[in-house]
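Record features, source Swiss-Prot:
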- CYS35: heme c binding site (BINDING)
- HIS86, HIS187: heme b 2 binding site (BINDING)
- HIS100, HIS202: heme b 1 binding site (BINDING)
- 32-52: transmembrane segment (TRANSMEM)
- 90-110: transmembrane segment (TRANSMEM)
- 116-136: transmembrane segment (TRANSMEM)
- 186-206: transmembrane segment (TRANSMEM)
Amino acid sequence: MSKVYDWFEERLEIQAIADDITSKYVPPHVNIFYCLGGITLTCFLVQVATGFAMTFYYRPTVTEAFASVQYIMTEANFGWLIRSVHRWSASMMVLMMILHVFRVYLTGGFKKPRELTWVTGVVLAVLTASFGVTGYSLPRDQIGYWAVKIVTGVPDAIPVIGSPLVELLRGSASVGQSTLTRFYSLHTFVLPLVSAVFMLIHFLMIRKQGISGPL
């Protein structure tokens with residue numbers, strides 16, 4: 001085993017990387033509220049894992065979506081648990097994200113030189129809300145249908161470009177198969193990928209600049 005480790009150590013300097021991570025200075029004013037961002041990340045990882053598991057059974061069609069969710073909840077092994085954890089961690093992620101934003105704002109963590117860290121955090125907050133909107137429509141039940149119809153209909157009030165925006169979001173004039181396909185693609189591929197990129201940027205900047213000092 002040591003020979004395998006030595007082989008990787010010689011090429012990648014694993015120990016130096018580990019020492020850099022574990023020896024990072026943590027200011028004495030840091031408390032449990034500074035963990036809210038990490039908890040949000042943990043919820044995101046739980047979302048990815050449970051969401052991936054459900055893709056094996058979920059069918060993104062208007063005729064089969066609701067039935068496939070019922071199958072997950074009643075027939076698939078531990079499906080009820082996986083979907084419940086997905087739902088609970090989604091709510092927890094939103095809550096932790098909101099508390100994290102408040103903590104950063106109240107402690108002045110958005111000030112110079114951390115403006116870009118704040119901007120990426122705001123982008124991540126918008127992405128989190130987008131997860132909620134797109135995921136809400138996937139069961140294709142009455143609540144999800146009308147929620148999506150209302151949300152996608154909001155841009156219709158914008159002069160000139162309102163109607164084209166609505167059609168772009170829905171894929172057609174009304175909420176249907178095109179809408180479900182769009183939201184499923186956004187929820188399972190586009191949003192997770194974009195979120196992962198912004199999270200990486202966010203964490204690299206925090207790593208570079210360190211934790212903000214007390215007020």
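Here the Cβ of each residue, glycine as well, is placed from N, Cα and C on the backbone.
Annotated features taken from Swiss-Prot, shown on the structure.
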{"residue": "CYS35", "record": "heme c binding site", "contacts (Cβ under 8 Å, 6+ apart)": "none"}
{"residue": "HIS86", "record": "heme b 2 binding site", "contacts (Cβ under 8 Å, 6+ apart)": "VAL46, GLN47, THR50, GLY51, MET54"}
{"residue": "HIS100", "record": "heme b 1 binding site", "contacts (Cβ under 8 Å, 6+ apart)": "LEU36, GLY37, THR40, GLY121"}
{"residue": "HIS187", "record": "heme b 2 binding site", "contacts (Cβ under 8 Å, 6+ apart)": "GLY51, PHE131, THR134, GLY135, LEU138"}
{"residue": "HIS202", "record": "heme b 1 binding site", "contacts (Cβ under 8 Å, 6+ apart)": "THR117, THR120, GLY121, LEU124"}
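For the transmembrane segment (32-52), same-chain residues at least 6 beyond its ends with a Cβ under 8 Å from one of its own Cβ atoms are 82-83, 85-86, 89-90, 92-93, 96-97, 99-100, 103, 131, 187-188, 192, 195, 199, 211.
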